[in-house]
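These notes are about the structure you will find just below.
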Amino acid sequence: MQPDLTPNPAPPLIALTGIGKRFPGVQALDDCHFDLRAGEVHALMGENGAGKSTLMKILAGVYQRDDGEIRMDGRAVEIADPRAAQALGIGIIHQELNLMNHLSVAQNIFIGREPRGRFGVFVDEAALNRDAAAIFARMRLDLDPRTPVGQLTVAKQQMVEIAKALSFDSRVLIMDEPTAALNNAEIAELFRIIGDLRAHGVGIVYISHKMDELRQIADRVTVMRDGKYVATVPMADTSMDAIIAMMVGRQLATEFRTPPDTSANDVALEVRGLSRGRAIRDVGFTLRRGEILGFAGLMGAGRTEVARAVFGADPVDAGEIRVHGKTVSIRSPADAVRHGIGYLSEDRKHFGLAVGMDVQNNIALSSMRRFVRRGLFLDARALRDTAQSYVRQLAIRTPSVTQPARLLSGGNQQKIVIAKWLLRDCDILFFDEPTRGIDVGAKSEIYKLLDALAADGKAIVMISSELPEVLRMSHRILVMCEGRVTGELRAADATQEKIMQLATQRESTVLS
């Protein structure tokens, strides 16, 4: 299905047709289409991993397309790099803002392009601030160009990013989750500025998962799924349910099984009233022995933040944690490990795995003391034998336990981290995106391993952005949105549509 193009005498401001992008072993985009009109807000939607960011990075010159064509004002263009995109008037505002806190607002806007004095040596500070003030006047924004960016709120910093894009005379603005860290008043101010930009003919690509916002701001919506174009429809003519159905599709190419009933098992972990700023807001849940509790939600929902807080990696403002019925104080990962809690990070190569060390030392990383004799000597044989035992138990494919971890596949690296926590006798395990970056065969092995750990009585929280994976593995599913738990689903009742409904709303619900 091609993009919906209402008859219009002018060609689209931007038109991407048949876009394909391949990375080693992965077809990231396949025959994708997207167009943007002048003075339009066009929403781009899809699950995490649908290909939205890749498509927009091609438009912004970060990636190069392998197939397809890009036209601007009806003429074919090549966007070789971000500078070429800027020259064409295409600006992108990432969710992670790209500003320097120690520089002023004006310096951030014109960095590398500062106006110079008579001899072209020194920056003309007066002209710099005057040019920045002119952009803010256009935006109807009261902001002192001399203020250090580090002193601004996130909302104001976002306005600086918009001003920076406008300083390039941008006709196209790509906004990636622009309201993720904003409150309602700040969102209203952002929408006012978007309205002004639209009135001046700027086309805006708006990437968001927040349905209520899209109703307010978007003219059309394009949906992507699994790197493919699904449909483009006028926002006024579609429903939230229809958009969700397009996002998740109807085919679940995943093996399902009936989860065991763990409702009578002992509670291993109970969390009450956990809060940390806007990232975690009054989160509570229970986790039973032998249970896999799935944490679902969209990017920025707060799932990883909850796991890190329970593990003691980040401080909290409030909350109570009970392990096997006893209230515990967890102020650091060492405290969590002492209470039998392990955490497998979504970024295993930077947190959890020492890629420069060999397999055996990675497995023993959190338990090295048990291999030290007389407080001084390392029992190398005991270390090797223990590591070999876990290699056999978890079917870790490695030539030997002295093989450097960096030379193993992603799935085998993940098994090493699991072995580390099993050796440490952790009976409560947080798995954050456990199958990210590993192939289908390795995923199946990780699934079987998680099932086996649960059958052995381990209590598991599994955070995943892949809905089929959440449905395949979980005994219960907790859904989060904007730092809150918005609902809980029993495995037997859960569907992708129900999860997406909860992941895009802001009030708690229990669906059955």
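Each residue's number is its place along the chain shown, starting with 1.
Backbone N, Cα and C define each Cβ position, glycine as well.
Remember, predicted model here, so these are calculated numbers, not experimental data.
Database features, via Swiss-Prot:
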type: BINDING; residues: GLY46, GLU47, ASN48, GLY49, ALA50, GLY51, LYS52, SER53; note: ATP binding site
type: DOMAIN; residues: 14-251; note: domain 'ABC transporter 1'
type: DOMAIN; residues: 262-507; note: domain 'ABC transporter 2'
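For the domain 'ABC transporter 1' (14-251), the mean pLDDT of the prediction comes to 89. Reduced to three states, the DSSP call for SER53 (ATP binding site) is helix. A sphere of 10 angstroms centred on the C-beta of GLY51 (ATP binding site) encloses 23 other C-beta atoms. Using a 10 Å radius centred on the Cβ of GLU47 (ATP binding site) and all shown protein chains, the other Cβ atoms total 24. Within 10 Å of the C-beta of SER53 (ATP binding site) we count 22 further C-beta atoms, all protein chains included.
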